[in-house]
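Notes follow once the structure below has been shown.
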């Protein structure tokens, strides 16, 4: 019997930039950019390239991204050998409620109900009722409270923005440029300690790549949504120790273009960092950058060669493509057809399993409540409330995603996840066949999660999908595919 009896309710984290997302932490390369005027006047800021060269930050990257001294079959990196860094919180509020002291009495406030009522009022533009409810919510929510109070704060902020008709602030599935690379990495470290999703996805994917490329002389990874490239240093380290020596590694890093005069800046910096790892581990390396709308990419731009093993990798990011409601031509189907034309040995597809993409606002809002309450609950159960990296992640990732889902419509709403079953139908339709899961790897992932993470994290299998979830909710899913022969 499946550990996830209600799979269709499963909702994923958005981050990579998301994605996400934890999920795929995303961020612009121009971290320390000053005023927007600097870009408008075309002045280049030389400190960008230097920001990741600092030796202290290099050590931090190593600590987080490399596997140090463990057995080859052990997925743990140095930072998550044990749970000693994670401090479970006592007294986590349940059911979307908060307590407010009223004189000598303690009044229970149902924030979930207040948020739902407020969304209904916002949907019909009932300004008076909505503002009264927003006032109640703001009195009982906070960015420094428990998980429920925090997620209520960000949902209320997004409802307020929608109600005002301002549209959300300029949004992309990336953290804002106020956040430094060092802060991103610190937050990533805390999240890896608190939550197995991203780490386990990368472990499974990299092991699969190692197996497929066991005898390759050239390995070409086409990575849709490479962002910071956090997945690849551990693979580079493993390739360097391959029997017979490492292959030549080619990586094509694909991202959405950044605003401004240097649309590929962040992806280029990712390439420079990966090059340093390859030089250090003596792995021959070639890097190609593509920063444009994914549905406009042509096969020739990927520079596929006949004598190489090609792997296509996409973790959580196809959700940021326009869905079928925005255009008569599906960008998602177009990208899948491009991947099929590459004819890779393996297409590794990690998805955010989401149901908060309904065209009707109130329905979408309710589903978003289910998903994001789970994400705040994960952090509440595993990371101290006063941890600055937790607060940064909640503000810059979860808060921005909530703002996009609630306050934006049309092309401005870029958080548009689908369920893994929807992706299965779409990928089959595009001409792929699913590869069976590696049961040995699934077992290792399961053992790793059970022995190192909170008991409410669950690994399950449905068909040929590896599912990851929290308290019965499917949040991520991963599967591997090959193009069907004509």
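Quick reminder: no glycine exception, Cβ is built from N, Cα and C everywhere.
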From 214-218, 219-223, 224-228, 229-233, the residue range that TrEMBL assigns the feature motif 'VHIID': 219-223
TrEMBL annotation of region 'Disordered' - which of the ranges 47-75, 76-104 it falls on: 76-104
DSSP residue counts for the region 'SAW' (407-482), split into helix, strand and coil: 28 helix, 27 strand, 21 coil
